[in-house]
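Below: the structure, in structure tokens.
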Amino acid sequence: MLSRDQHCFTFAKRFSFLVCIRIVNMIVVKVGGSDGIDYDAVCADLAERWQAGEKLILVHGGSGETNRVAEALGHPPKFVTSPSGYTSRFTDRQTLEIFEMVYCGKMNKGLVERLQRLGVNAVGLSGLDGRIFEGKHKDSVRSVENGKVKVLRGDHTGTVEKVNTGLIELLLGAGYLPVLTPPAASYEGVAINVDGDRAAAQLAAALRAEALLLLSNVPGLLRDYPDEASLIREIPANDVESYLEFAQDRMKKKVLGAAEAVAGGVGRVVFGDARAGKPISAALAGEGTVVS
């Protein structure tokens, strides 16, 4: 009988044999899309660890570049804040098309190219491909504007509720490094904008990852943002949500994603700094905020 960490799959039609791989010590790395991130440093560190035999998956964002492209195309971004205090991008159809152009195109292929130059056979995919990420399409969103709650319709967003790991496991088993990005697929097959941190958390849980690294342009969760000296070093796994009070802006989604990841069985989550050095190695060494 196969252990819980073994995954077997058949390469049908072209190949008639069964291939079994053992995925252990999986590391899911999510790198954000805000200004200041050193993607060259992230890719160099990732390549070094991959070539040393570690199993990694890279998930990425692209918010900063999406904002710039949207402005240049005359369709500036619109952000909404929910009654519970979470900020997200309002995604009408035109915004979704810009989002896909940047996330699936410029950002994804830019990272794949960096990794290929470093000798890593990376494959870039969105969560829409193979329905890797699936969730319910949310057509409307509640937004607080001038102290009043409004309902905005025509939104193309959702939350990842299901991760289909078969394609990812096939790629890993064949020696490829997956580079993933939103959007996800709705249950009706429509592209939906989803939060990348929470998608990465769901992916890490589905793969029973040893670690989920959430890398951004800050050193971790700060008790007194933006004072980097106020870095919170450790968060107990059973008390993550109580630290939401210290999270500002998009960090709220990272904390929420961390809570979901550890609840789903991920060994540890680290909020790390992607601005320089060896971001992945530093996070794995405990630099940043460690949730365990």
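Quick reminder: no glycine exception, Cβ is built from N, Cα and C everywhere.
Noted in Swiss-Prot for the protein shown:
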type    : residues  : note
BINDING : R89, N193 : substrate binding site
SITE    : K30       : site 'Transition state stabilizer'
SITE    : K254      : site 'Transition state stabilizer'
Query raised in the report: Since the record lists K30, R89, K254 as recorded positions, which of them has the fewest other Cβ atoms within 10 Å of its Cβ?
Result: R89
**Report entry** Shortest C-alpha distance to K254 (site 'Transition state stabilizer') - which of the recorded positions K30, R89, N193
**Finding:** K30
Requested in this report: Please work out the number of neighbouring Cβ atoms within 10 Å of the Cβ of N193 (substrate binding site), leaving out its own Cβ.
Outcome: 23
Requested in this report: Could you tell me which three-state DSSP class R89 (substrate binding site) falls into?
Outcome: strand
